[in-house]
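Have a look at the structure below, then the notes.
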Ligand SMILES: Cc1cn([C@H]2C[C@H](O)[C@@H](COP(=O)(O)OP(=O)(O)OP(=O)(O)O)O2)c(=O)[nH]c1=O
């Protein structure tokens, strides 16, 4: 049966693939690889371009890692990146700028991010990329969802940060957890916000002929 390599450390992505009934193996990162450099923003880069570039770079690194194994059988590789972004205050019709929010460095940073998102709309872009075999070009799909934060009190935001849920999550919240208490509406894909848009993922699985439950 065809199997898949998931080049991601995100437990949410693994859980979604498990729920879909996909046979997969997690491709562990190379401990010597500088992943921070990979995720560095370029000046003036829009969120959607950023997420696509980082996902393709993750895929490229994963393909290299796999082919360096002494013994390996080629199987399609899937990876993803999720980013939260808002229009920068300095944006104009002639110069559109995004403020890209990655994962918070610490609790203080998480509170800063949540305060920025509070009472407003923002975008969550998730790019997924799949390399079917060494010869073919990677296929990328981008899923963008608009999320609106309710007008939460500063005390509620601080209480949320204390739960530690914001850590390791883009924008400092998890829609699949207590973070959903802070959100009053979304337009788009819930699973995309969580880090792996299910519909777009099944399109890539179909393309790579990887079986799943449906
Ligand atoms: C906005 C949001 C993000 N997230 C998570 C999904 C991603 O795991 C994380 C964004 O970080 P990513 O850099 O996309 O992924 P990762 O570092 O967790 O894993 P890897 O690079 O190995 O694939 O934020 C949620 O779980 N819920 C949410 O509501």
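The backbone N, Cα and C atoms fix where each Cβ goes, glycine too.
What TrEMBL lists as site 'Important for substrate specificity' is 12 (among others). Under a cutoff of 8 A between CB atoms, and with a sequence separation of 6+ in the same chain, the neighbours of residue 12 (site 'Important for substrate specificity') are 176, 194, 195, 196.
Contacts of residue 81 (active site, proton acceptor) defined by a Cβ separation under 8 A and a same-chain sequence distance of 6+ are given as 39, 51, 54, 55, 58, 126, 127, in order along the sequence. Per TrEMBL, the feature active site, proton acceptor maps to 81.
Cβ neighbours of residue 82 (site 'Important for substrate specificity') (same chain, under 8 Å, six or more residues apart in sequence): 51, 124, 125, 126, 170, 192, 193, 195. The site 'Important for substrate specificity' annotation in TrEMBL covers 82 (among others).
The feature site 'Important for substrate specificity' is assigned by TrEMBL to 176 (among others). Counting every protein chain shown, the number of other Cβ atoms lying within 10 Å of the Cβ of residue 176 (site 'Important for substrate specificity') is 16.
Residue 82 (site 'Important for substrate specificity') carries a strand DSSP state (E or B).
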